[in-house]
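Colleague: Dropping a structure here in structure tokens format, bear with me for questions.
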């Protein structure tokens, strides 16, 4: 029971923190927020196979209690993708910041830019 | 026929790294291989579509793992149509990118282009929900690279925004898939359909949450209000050929909605009864309004076309959200039209921007103004849905299909009024760009963004005419779509018929013999 509570609250806290940071509109907090969100979703995906302790992930004859291996494979895919995506967005945000000297996510009107 | 179905994914997947690793310094070779690959794709997808047109559902089990344990690719009439459409569009866009020199303004255009095709084609072919996520990511990663192709501060900032929005969308997608997997224990779409139908009514709360989360994700992709904020800035700042290719991206969202909410959470399914269509139709109506009003309100040609895309995707989603056989057939016809019309509009916008800048205002006449004004006129007629082009037929079909629907009055009012708004907006832009240029006096007007060190007109080489060829070809497709509306509608009705008998799909994938 404790473990479920811990996992559930970890997902909740990570998601809440991630969404809060996403709304900050500056690239650095937004990227950190995205990472938090992806951690949250990874743990969430992991938990979709139900939490079992000390059980083998492979179905064999005679095994009645087992861990669902599929979510772990899904999480692996999700981790790789979110890791790569974070690297990409860091690069794009960096070059946007270096060329425009502005790290806001929202885009101001073009007229203001010219002024 | 056995292995043909995986070729549209494997071919670009092999071609892209080849371009990247072997011929990265030879632009001519890249162009040759990229065009050859895309022509081959047109042929392959055309063949696959012809095969699917017979009504047979072909299933390809990856690694020979039987569904639902392995990933399957499924070719039915809808996915056949979508992949063929993607390949034809890609060829036009690629020719434009090469002739206009866009592919030379940054690096790795052709490699990213092929990866993009791989993602889009894979998303249309897969029969597995998680695999759909993976192909979404493939097409998104490639689109991030294409979106900032050519660089520039504004484009990079628009790119950052685009990536952030889509990363949030991907996270939401994972949450949705996790929820669905936790309740059903499967991610194969056909198996999901079976499991969802068998689920006892008192345990479906979580699955309903998953279904709606998934709808949100697809709505982000299709740029449905209120999830459309990423589109105008991204499309207006993306390189024009890329924006034209992105015309298929909103259709990926529309396709996914069509696929998942006819197959898995179908209109007859009790647990999501009224949940999807009821909300989607309202969101779609608002999308049309925002898109068409956006056309009228845009000060820049790029943004105007981006809003036109939102508007036409909204019209498409109105038709989809009705979830009846007739409306879906209309939606499919409109989807073909909307993809090519939006792509053409983006390319015409680029022809204009190349010659006179992005603002919609009176400027001195541009080179080739006459030809471009004809192209703009054709694209605008198609986009606004005026006779005689296919947009008119498409809208007529949508209106006809919505006659018996709950929101019929609202749908008719919104589509007809917004069409008028769009016509006014496009006419305003067209007259300012093409007619006011010839007013006496405008020639002496200083151009608003003109700087003293701008090279004089005479020294700049006049832009090439060759890029107009693919634009004319797109116009030709729209005309063909109008002339052959009958045969196309027959196919669209067959597609819709197949979508609303999901048992065929399920039997084919799960290898069950039909009862």
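Even glycines carry a Cβ here, placed using N, Cα and C.
Pasting the feature list from TrEMBL:
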- B:128-415: domain 'NADH:quinone oxidoreductase/Mrp antiporter transmembrane' (DOMAIN)
- B:443-462: region 'Disordered' (REGION)
- B:6-23: transmembrane segment (TRANSMEM)
- B:35-60: transmembrane segment (TRANSMEM)
- B:111-127: transmembrane segment (TRANSMEM)
- B:133-151: transmembrane segment (TRANSMEM)
- B:163-185: transmembrane segment (TRANSMEM)
- B:205-230: transmembrane segment (TRANSMEM)
- B:242-264: transmembrane segment (TRANSMEM)
- B:276-297: transmembrane segment (TRANSMEM)
- B:304-325: transmembrane segment (TRANSMEM)
- B:331-353: transmembrane segment (TRANSMEM)
- B:409-427: transmembrane segment (TRANSMEM)
- B:471-492: transmembrane segment (TRANSMEM)
Colleague: Same chain only, please: residues at least 6 beyond the ends of the transmembrane segment (B:205-230) with a C-beta under 8 Å from a C-beta of the stretch. Say none if there are none.
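Modeller: Residues 136, 161-162, 165-166, 169, 172-173, 175-177, 179-180, 182-184, 196, 199, 249-254, 256-257, 260-261, 264-265, 271-272, 275-276, 279-280, 283-284, 286-287, 290, 309-310, 313-314, 317 contact the transmembrane segment (B:205-230) from elsewhere in the chain.
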Colleague: Cβ under 8 Å to the transmembrane segment (B:163-185), counting only same-chain residues 6 or more beyond its ends: which ones?
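Modeller: Distal contacts: 129-130, 133, 136-137, 140, 144, 192, 195-196, 199, 203-204, 206-207, 209-211, 213-214, 216-217, 220-221, 229-230.
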Colleague: Which of B:35-60, B:133-151, B:276-297, B:331-353, B:409-427 has the most Cβ pairs closer than 8 Å to the transmembrane segment (B:242-264)?
Modeller: B:331-353
Colleague: Give the nonlocal contacts of the transmembrane segment (B:6-23) in its own chain as ranges (CB under 8 Å, at least six residues past its ends).
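Modeller: Here the qualifying positions are 29-30, 33-34, 37, 40-41, 44-45, 48, 60, 62, 73, 83, 87, 108, 110-112, 114-115, 117-118, 121-122, 125.
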Colleague: Are there residues at least 6 beyond the ends of the transmembrane segment (B:35-60) whose Cβ is under 8 Å from a Cβ of it, and what are they?
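Modeller: Answer is 1-8, 11-12, 15, 67, 72-77, 79-81, 83-84, 86-88, 90-91, 94-95, 98, 114, 117, 121, 127, 491, 494, 498, 504-505, 508-509, 511.
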Colleague: Under a criterion of three or more Cβ pairs within a distance under 8 Å and sequence separation of at least 6, are the transmembrane segment (B:304-325) and the transmembrane segment (B:133-151) in contact?
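Modeller: Counting Cβ pairs under 8 Å (6 or more apart in sequence), the transmembrane segment (B:304-325) does not reach the transmembrane segment (B:133-151), since there are fewer than 3.
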Colleague: Can you name the far-off residues of the same chain, 6+ from the ends of the transmembrane segment (B:471-492), with a Cβ under 8 Å from a Cβ of it?
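Modeller: Cβ under 8 Å, 6 or more out: 53, 77, 81, 88, 92, 95-96, 329-330, 332-333, 336-337, 340-341, 343-344, 347-348, 351, 375, 378-379, 382, 388-390, 393, 397.
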